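Accompanying notes for the structure given below.
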Amino acid sequence: MNIVENSIFLSNLMKSANTFELKYDLSCELYRMSTYSTFPAGVPVSERSLARAGFYYTGVNDKVKCFCCGLMLDNWKRGDSPTEKHKKLYPSCRFVQSLNSVNNLEATSQPTFPSSVTNSTHSLLPGTENSGYFRGSYSNSPSNPVNSRANQDFSALMRSSYHCAMNNENARLLTFQTWPLTFLSPTDLAKAGFYYIGPGDRVACFACGGKLSNWEPKDNAMSEHLRHFPKCPFIENQLQDTSRYTVSNLSMQTHAARFKTFFNWPSSVLVNPEQLASAGFYYVGNSDDVKCFCCDGGLRCWESGDDPWVQHAKWFPRCEYLIRIKGQEFIRQVQASYPHLLEQLLSTSDSPGDENAESSIIHFEPGEDHSEDAIMMNTPVINAAVEMGFSRSLVKQTVQRKILATGENYRLVNDLVLDLLNAEDEIREEERERATEEKESNDLLLIRKNRMALFQHLTCVIPILDSLLTAGIINEQEHDVIKQKTQTSLQARELIDTILVKGNIAATVFRNSLQEAEAVLYEHLFVQQDIKYIPTEDVSDLPVEEQLRRLQEERTCKVCMDKEVSIVFIPCGHLVVCKDCAPSLRKCPICRSTIKGTVRTFLS
């Protein structure tokens, strides 16, 4: 298709500029018009009015789509105005917002054309009242004076809410001829929508007009663009293009949609919802649990100083959204900080050591400035809360969280009191959890500690299984699931993990039944307490695929004993529950370590 071959005006204009290039993309009305070649003839709305309103034809019935905001419309009726419908249904669309400003520019610039040129332009290009037709740079010294005036006028038309001439990545890349930095590549900047404007390292986005400078060595162009200008139409278009990567939750693919889920985010959590949403996470509504819209990775138990992007790269390095926004180099640096993470995840689930031990967690507390603390705590609202009897340390902690999350202190006593009451509820819940753990019987602790050894040494599974059924600890379905395992070792594994989930009463029944069924094993486990785990082989040298296969060997959820396991707990690495049972758990039922995150697995 050659849209300029019959236009003397455009042909002369192109000949006058050595660097000029006409780009065929959907931001150009002429190009949008070309998509209507197969548009149904009976539709009562003209193709020209649809293209002028920012729509291109999708090829399905009379359905059209906006190149900028992605709005899709069909079932057109007589009297419909595409532009008005566009404005009404998606008023925030950048293209729609630019229409009025473009029309104003058009009115002021029109007199600069001689009447002959104006008439020629309108007859040859009936759609030139809108911006966005020409892409590239224009010659500073055209040979034809008519073309010079035309260049001036089209430049004015393109001064809308975005820089149309920089719409093309190659055009943006050409502006970096004198780029001063070596650690940030012009290619990455151009790909992220930026073109160079100077001075120094100052760049601007062609779509939203946002400007950035003072770049640092670890900065990623795309992620900085997203962080500073999350509503940029270019960024939103990049993130919404699901053909670029597989998305787990389509409804959460926009930053705005994810951010809205944090409306009841606990004030006690010292991580900013804006940062979480930017990193691809949305709030699932339970405690501080979040999930990535793309890879479906889940994280929880956020602490002060946690960086959502770092945690995303640490636990889910293959997330396609993460790779696209932060880049492989960022992920490589994060992974390099945790060189044995995969080995730890794979080995912990089968570690013979004390499984009650908590994994170490990096905890970064914000530094305290006593003068700032005095100012922060010396307000009528804060003093009123303290006078009500709330602990000053709790008030201070709550105020710090509020300032970290919103950037401002409490203005109303009611808001502060509500958050303080919620914080007290959370503290009581944590205390109840600790009390429950402290009440674990010695029998259960011994079984948990020697879990791996019992997998090896326990042989009389069925009598113990029958005792649990008789005592009402397990039901017939749970009994049959374990009994139907083809190998004794597999039966033992399922039995022990089920006892750990069921708790103290199950442990007592196990002890009494074991004394009758296997007296020697009972003696070593409960009396002498010298039962030993005997490594059968070193699995660390096996391929990762084989380690994962072994990790995924047992497929029955230890909570419901019905569905297949599909959730790996982080950081302990246990794969013991299904996706439906996982959200209700705060601690791993096998080792009782706090669940910091989850990874969804798909077993073949």
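Cβ atoms here come from the backbone N, Cα and C positions, even for glycine.
Here Swiss-Prot flags Cys292, Cys295, His312, Cys319 as Zn(2+) binding site, drawing on sequence analysis. According to Swiss-Prot, the domain 'CARD' annotation covers 439-529. As annotated by Swiss-Prot, repeat 'BIR 1' applies to 29-96. Residues or ranges marked as repeat 'BIR 2' in Swiss-Prot: 169-235. Sequence annotations record features per position, and here Swiss-Prot assigns repeat 'BIR 3' to 255-322. If you look up Swiss-Prot, you'll see 557-592 marked as zinc finger.
Minimal Cβ crowding within 10 Å, among the binding-site residues His312, Cys319, is found at Cys319. Following the DSSP three-state reduction, the secondary structure of Cys319 (Zn(2+) binding site) is coil.
Across the repeat 'BIR 3' (255-322), the prediction's mean pLDDT works out to 88.
Broken down with DSSP, the domain 'CARD' (439-529) shows 71 helix, 0 strand, 20 coil. Summary of the Zn(2+) site environment: with the site residues Cys292, Cys295, His312, Cys319 set aside, the chain residues having Cβ atoms within 8 Å of the Cβ mean position are Gly280, Phe281, Cys294, Asp296, Gly297, Phe316, Tyr321, Leu322.
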